[in-house]
Amino acid sequence: MESIIALFQGMGIMHITLGQVIMIIVSLILLWLAIARRFEPLLLLPIGFGGLLSNIPEAGLAMTALDHLLHYAHTEQLTIIAEKVNSSSLDVHTIKQAIAFAPPSVQNELEVIASDLGYNAGILALFYKVAIGYGVAPLIIFMGVGAMTDFGPLLANPRTLLLGAAAQFGIFTTVLGALGLNWLGIIDFSLPQAAAIGIIGGADGPTAIYLASKLAPELLGAIAVAAYSYMALVPLIQPPIMKALTTEQERKIRMVQLRTVSAREKIVFPIVLLLLVALLLPDAAPLLGMFCFGNLMRASGVVERLNETAQNALINIVTIFLGLSVGAKLVADKFLQPQTLGILLLGIVAFAIGTASGVIMAKIMNAFSKHKINPLIGSAGVSAVPMAARVSNKIGLEADKQNFLLMHAMGPNVAGVISSAIAAGIMLKYISTMI
């Protein structure tokens, strides 16, 4: 009889909390968006499934060895942990707060102690540690994106680099917005958290995940979900802003035919770009370095096997682990916070400002330029490649059925990828000197 009672007590459903129920529903919504609505399915599907796995009661798939120790809360073991973090209380919540403020070296020591006491990390926690904790997955994905990117439109019309840079204005205004919410006492955001949220405005998922893992890992789940959800909604978010900021006549502007870019230019550009940016801003070197390496494999034409692997098999494999790793952060105690609502609101504001900034910059450039730029391509400065460029082309065709803007829009679109990586480097450098 006792064994039957123990069996029932060991059932996950006997331990499920309201927070876990809510997060399971959120995860199911993400799966529905990925499968039924085709919203960024390559990321939202593994993220949603990872969220399901993370919230299964008593499974502990997303828990580290230390999390498991605190969950079972044996008094003698809690005493050891409390001494290490100088906590006079054996209350688990108090100890968790002390651990959160402990230096990384102490946190690592506590993980080792938990492992020595016989606790093991769950599979999703291991995925997270390697894929995101060490920054491996976002960087490999950036390499794959580089292998898929053609710098030709940007090199053929270099001034579109300004449009990509202007679209990053949404990042920095959103940082100020997050700090403003903190100053007003509405939602608490630290400077590193504000910077991690702001990068959502770059519409670049890997960059957002990379920066969040460095500056605000506790917000990574919400930031990743917001970034990829809004990237999927680009065709809905951008058109109203583009139409509101342009006239019918401006949308009909036809741009001059792009020149042919030589193979030599395409080979030299990623090397020069990396050297110029990395020597001035070393913190941008990891992201930009992998991006330029991937692009050099494509442009050189001598490593087709590597190029093919980077932009297909490798990026697909890493995307699976990245999505599951992000899902590991969709646990109730981390996701169901007032900050999550603030992140979702600030994220869409960042997208809107980035879109508007690119369009406005194009209009400003037209005031001083002989060869006019169609302002619609300015919205492609956000680095949702190639979705933002397709939206620019679609709105242009609505105004003039013979006005094809896709290749012109790819210039600022690629520039946006470069600019978001540079913006992330600036954030890392600036904040590392502040804290």
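In case you wondered, yes, glycine gets a Cβ from its N, Cα and C as well.
Marked as transmembrane segment by Swiss-Prot: 13-35 (among others).
What Swiss-Prot records for 42-64 (among others) is transmembrane segment, and it gives sequence analysis as the kind of evidence.
Residues annotated as transmembrane segment in Swiss-Prot, with sequence analysis given as evidence: 123-145 (among others).
Look at Swiss-Prot and you will find 165-187 (among others) tagged as transmembrane segment.
Listed as Cβ neighbours of the transmembrane segment (215-237) (distance under 8 Å, sequence separation of 6 or more from its ends, same chain) are residues 30, 33, 37, 39-40, 43-44, 47, 51, 100, 132-133, 190, 192-193, 195-197, 199-200, 203-205, 208-209, 326-331, 334-335, 339-340, 343-344, 347-348, 351-352, 355, 382, 384, 387-388, 390-391, 394, 427-428, 431. Under the heading transmembrane segment, Swiss-Prot lists 215-237 (among others), citing sequence analysis as support.
Here Swiss-Prot flags 267-289 (among others) as transmembrane segment, drawing on sequence analysis.
Among the features that Swiss-Prot reports, transmembrane segment is placed at 309-328 (among others), with the record citing sequence analysis. Sequence-distant contacts of the transmembrane segment (309-328) (same chain, six or more residues past either end, CB-CB distance under 8 Å): 27, 42-54, 61-62, 124-125, 127-128, 130-132, 136-138, 140-141, 143-148, 206, 209, 220-221, 224-225, 294, 297-298.
Feature annotation from Swiss-Prot assigns transmembrane segment to 340-362 (among others); the stated evidence is sequence analysis.
Residues annotated as transmembrane segment in Swiss-Prot: 404-426 (among others).
Using a cut-off of 8 Å between Cβ atoms, the transmembrane segment (123-145) and the transmembrane segment (165-187) share fewer than three residue pairs, counting only pairs 6 or more apart in sequence.
Tertiary neighbourhood of the transmembrane segment (165-187): same-chain residues 193-195, 197-202, 338-339, 341-342, 346-347, 349-355, 357-358, 360-361, 378-379, 381-383, 412, 415-416, 419-420, 423, 427, selected by CB-CB distance under 8 Å and a gap of 6+ residues from either end. Listed as Cβ neighbours of the transmembrane segment (13-35) (distance under 8 Å, sequence separation of 6 or more from its ends, same chain) are residues 41, 44-45, 47-52, 54-55, 57-58, 225, 229, 232, 327, 330-333, 335-336.
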